[in-house]
C-alpha cells in the first residue's frame with residue numbers, strides 16, 4: 001500500500017474535512033464507499049472512470065481481457081480504442097495487429113478510431129470523452145493531458161484496462177496533491193510550453209513526483225486552452241500523476257467553439273453538457289489540504305529550452321542562442337504541441353523563409369481534424385512550402401517510430417514532451433525540447449535560436465525566474481511523526497474492517513537496500529523477462545540480482561525490504577513485483593515508489609508502504625556502511641486494524657510509530673484474491 005509521510009493522517013480527525021478539486025472528482029467516480037465517506041489523499045478507492053482509452057496496446061489489453069475469461073466488455077460506451085503510435089509501420093505483422101484491434105472493437109461495439117485519425121489523447125479532447133470534471137484514464141502515461149480541460153486524467157497499466165473492460169472499474173490511491181500557482185501574465189513570445197519546460201527545470205528535485213497537481217492563480221485565466229493542454233501533458237515528465245486546471249469562462253468558450261464545429265447532436269459536447277458546466281462547477285473547499293504549494297511568476301518567464309536529453313535540465317533560450325548549437329533535425333509533432341494554434345504559430349515564423357539546408361524539419365498534426373483546419377487556414381501549406389516534411393497524424397518520431405529519427409551524433413529540437421536519451425532515435429544523439437515557435441525558428445537558422453534572430457534582431461537577456469515552494473506545517477499534510485506522539489486514541493482503537501483471509505497485521509525484519517532509483521532491471525534482470533517458462537523458485541533466486549548478487553543469501557521469507565526513493569522506476573515488467581513475492585516477502589517499504597511499480601505491486605498482491613522518515617533514520621544509522629543489503633535488526637509491525645506502523649529494535653525499544661492511511665476492504669479483496677486478475681475472475685464468476 002503506497003503511503004507518503006504526508007498521508008499519515010487519522011481518518012477520524014477534522015483535518016480531513018475539506019476536499020480539494022482532485023478529491024472531489026474522485027468522490028464522484030468512486031464506487032462502493034462506506035456511507036458518508038469523504039475521500040482524501042492516501043485513500044484507496046475503487047473507481048469507475050467515465051472513459052478508458054487504449055491505443056496500439058489495445059490488442060495486448062484484449063488478450064489479457066480474454067485470458068481472464070471475459071466474453072463481453074461490460075460497458076462499451078466507457079471504452080475508446082485509437083491507433084496512433086506506429087501508424088507509419090505497414091508491415092504485415094503490424095497491419096494484422098491493427099486489424100485484430102479493429103475487429104475486436106467492432107464486435108464489442110467499442111468506439112474505434114483508425115490509424116491516421118490522430119493521436120488518442122487529442123481525439124479524447126476533440127470528441128469530448130475527456131470532459132471537464134470527469135475522471136478519464138488511459139493505458140498511456142500522457143493521460144495527464146486531459147487536465148488541460150479540467151478532466152482528471154491519469155495513467156493506468158494494461159491489467160487495469162482489462163479490469164475496466166471486464167468490470168467497469170479498477171482501483172486508485174489518491175496521491176498527495178500539490179497546488180501550483182501561476183502568478184502574473186506571460187510576456188510576448190512566451191508560451192505554455194515555456195511554462196512547463198521551466199517548471200520541470202527549476203523544480204527538478206522530484207518536488208511533484210507521484211503527486212496530483214492542481215493549477216491555480218491569476219495567471220491561469222489568461223492561458224489559452226491549448227497552452228493548458230501542453231502544460232498538463234508534460235506534467236507527466238515533471239513526475240506527476242495528473243495535472244488539473246480549473247473550470248472557467250475561457251474553458252466554456254472553448255467548448256462553445258467546439259459545439260459550432262461539431263453541430264448540435266454530438267453525444268458528449270452539446271448544449272446540455274455545456275450548460276451544466278455553466279450552472280455549477282466543483283471547486284476546492286476553503287479548508288482543502290495540499291501537500292505543498294509551488295509558485296512561479298509568469299512575468300519573469302522567458303522562452304525556455306529543455307535538454308539535452310533531460311527535462312530536468314532547462315535553460316533560457318537567450319543563453320542557448322549564444323552557444324550556437326547546430327541542429328540536424330526539427331520536429332513539430334505529438335500530443336503536446338501539434339494542435340492548430342501550434343501549427344499556426346510555427347507557420348507565422350516560417351512564412352517567407354526556408355528550412356536551413358542542413359536541417360530536416362518534420363511536421364505531423366495531432367489529428368486529421370487539426371490538419372484539415374490547418375490546411376483551410378493556409379498554415380499547413382506555409383510550413384510545407386518552407387521545406388518541412390509531412391508525416392501522418394500520429395505519435396511517430398516522438399515515440400521513436402517511423403521516419404526521421406535522430407541518428408548517431410545528430411542534434412534535434414522538438415516540440416514534443418520527452419527528450420530522454422534514445423527516445424527519438426539514437427542513444428548517441430542529443431535532443432532538446434522547445435515551443436513550436438522556437439522549433440520553427442531553429443529549423444530556419446540551422447541552430448537553436450529565437451524567431452527574432454531570423455530578422456537579425458538580438459535576443460533579449462532573460463530575467464531570473466521568481467519562484468517559491470512551501471510545505472505548510474499547518475495543513476495537516478505532514479502527519480504524525482515520531483517527534484509528534486501518537487495519541488492513545490490512535491493506538492488503542494481498531495477502526496479498519498479486515499476481510500476474512502487478510503492478515504490483521506504484517507511484520508518482519510527490515511532489510512535495508514540503501515539506494516535511490518533501484519530500477520526494475522535491478523529488481524528483476526531484463527534477460528529473464530521473456531523467459532516464460534521460468535519457475536517461481538528460479539524467480540526467487542534472481543530477485544534483486546542486478547542490484548546485489550548477495551541479496552539471495554542475506555534475506556529470507558517474511559523479511560521486509562526498506563529502500564530509498566523512486567524504488568521500482570523503469571519498465572512496466574510485472575516480474576519486478578512477483579519475484580519479491582516469490583521470495584516470500586509480502587511488503588516493501590521505501591521513501592517513494594515508481595508509479596508503475598506501485599500499480600503492478602497491488603495488481604499482483606504485493607503491498608507497499610511509503611515512509612520517508614524511516615529510510616532517513618536508517619541512513620543515519622548506517623552512514624558510511626558500504627554493504628548493499630543490510631539486515632538492520634529493526635522490526636516493523638503494521639497493525640492493519642488500527643492503521644498503525646510501529647518499528648522497534650531487538651530490545652523492543654520503539655524507533656518510530658506512525659499512523660498510516662486505512663487499507664480499505666476494496667484493496668484487501670484484491671490482495672485476498674491474489675491480485676487484480678484474480679479479483680476480476682471472481683467478479684466474472686458472480687455474473688455467471
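Here the Cβ of each residue, glycine as well, is placed from N, Cα and C on the backbone.
Annotation comment: Swiss-Prot describes 335, 395, 398 as [4Fe-4S] cluster binding site. Annotation comment: Swiss-Prot describes 468-494 as region 'Disordered'.
Looking at 335, 395, 398, the binding-site residues in this record, the fewest other C-beta atoms within 10 angstroms of the C-beta turn up around 398.
For the [4Fe-4S] cluster site, the Cβ centre of 335, 395, 398 serves as reference, and the other residues of the chain with Cβ at most 8 Å from it are 84, 85, 119, 142, 333, 334, 336, 394, 396, 399, 416, 417. Reduced to three states, the DSSP call for residue 398 ([4Fe-4S] cluster binding site) is helix.
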